[in-house]
Every structure is written in structure tokens, then in C-alpha cells.
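Copied over from Swiss-Prot:
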- Gly10, Pro11, Ala12, Gly13, Ala14, Gly15, Lys16, Ser17, Thr18: ATP binding site (BINDING)
Amino acid sequence: MKKINIAIDGPAGAGKSTISKLLASQLGYIHIDTGAMYRAVGLKVLKNNISPHDRKKIVEILNSTDIQIKLVDGRQLVFLDGEDVTEKIRQPEVSMYASDVSKIREVRERLVKMQQELAKQKGVIMDGRDIGTHVLPNAELKIFLTATAEERAKRRFLELKQKGYDVDYYQLLDEIKKRDQNDMTREFAPLRVAEDAIVIDSTSLSIEEVLQKVLELFYKVVKNEV
């Protein structure tokens, strides 16, 4: 079966990574979570006590920052300056830093180059905010996965609670709304639906139902690509 690239975009907490991982497992594809790369930059900024709005210092620190994505047993690991930060970048305080640094053109340009290199061999499922519109505009299948802000906050709340974090639902809801605003209004590569993307609203759907919809679309595209 011919391999294609799949772009999955959408706002924070829409379930992009969950669906991408399941899809990659079923298809034998490689999953690349681009948000993890921005989180790694956000973590570095946070660790160095730099304001997420200090563009000059962030660009300076970026030049001495080494971010690597490694795939181990089908799982994506993120390394920041040689340290495995796969779990650390999921800390709640890193989220807003990631959103702020992602607005900086120089940060996006550097990470987009990395992302495009990773997708050259095909057979890649890449999720993020600007994959179908900017990173992989020629991806054979583009999905825009969304849900209400309230539903996304609820999912994130349950996920973080399960990991042992002490979080407040209303604070998470506020952060998600702010991230949506940041993502949609940033000057460079904002969050938007690609013209040829298929929109899936997962608000009232289970993970299995969303996965089934995406698989049906995948097989339809692959059939036409032969």
C-alpha cells in the first residue's frame, strides 16, 4: 500500500495527539507531535527565567538550543540539550510558554524545517496547529480536529489529574481560551482550517468514533492514490 503523509491540525486539547498515536499504531506510520517541539523551547525559556515575551533573548537562546526528536519503540521522545524532557514538557506551566514562543517567527522557521525533514520519507502522521497550511501543505490527507473549549478543558483536566497534577478546571478553561486566541491571531502561520482539510468536531464523539472516521478517510485517499 502506498504511503502518504497525514496532517492533523486543531486547537489545544482537541485530541490530536491521542488520535495520531492510535492511527500511527494501526497503520505502522510514524507519529510526530510538533507541539512537543514548541513545548521544549518553552521549557528552556522557563528554566532560564526569560520572559516568554522577550523575543530578542528567546532568539538568542534558540541559537544554543539543541532539540531532537527520537522514535523509540514507536514512541516519540523529546530531547532538550541532550536531556530527555518528554514528561517535563507536559507540565501545565509549560503550556502558556509554548504558546507564546510559538508566535515568534524565528522559532517557527527553525522548527518547521526540522518537521519538514522528518516527513520527507512519507508514512508520517504529523499533528500541530499549522501542519496542513504551512508545514506539509502537500499532505495527501488533512484533518482539522476540533471540540468546544469546555470539552477540551474537561479532557485536559482529567488527563492532568490522572498524572497527579493539582489543577483547576476553570483555570484550564481560561488558559485554553487564551491559547486559542494566541494561535488564531499570531502573525506567522496562524491556526486556521486548510482549504482542503476535513473538519471533525469531536465534542460528542468517543476516541474510537473519531479514529474510525479518520481511518475511513485514510483508506478513501489511499485508494485514489494508487
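Using the three backbone atoms N, Cα and C, a Cβ is placed for every residue, glycine included.
Features per Swiss-Prot, on structure.
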residue: Gly10; record: ATP binding site; CB count, 10 Å: 27
residue: Ala12; record: ATP binding site; CB count, 10 Å: 24
residue: Ala14; record: ATP binding site; CB count, 10 Å: 26
residue: Lys16; record: ATP binding site; CB count, 10 Å: 27
residue: Thr18; record: ATP binding site; CB count, 10 Å: 17
Additional residues surrounding ATP, by Cβ distance to the Gly10, Pro11, Ala12, Gly13, Ala14, Gly15, Lys16, Ser17, Thr18 centre under 8 Å: Asp127, Leu145, Ala147, Arg152
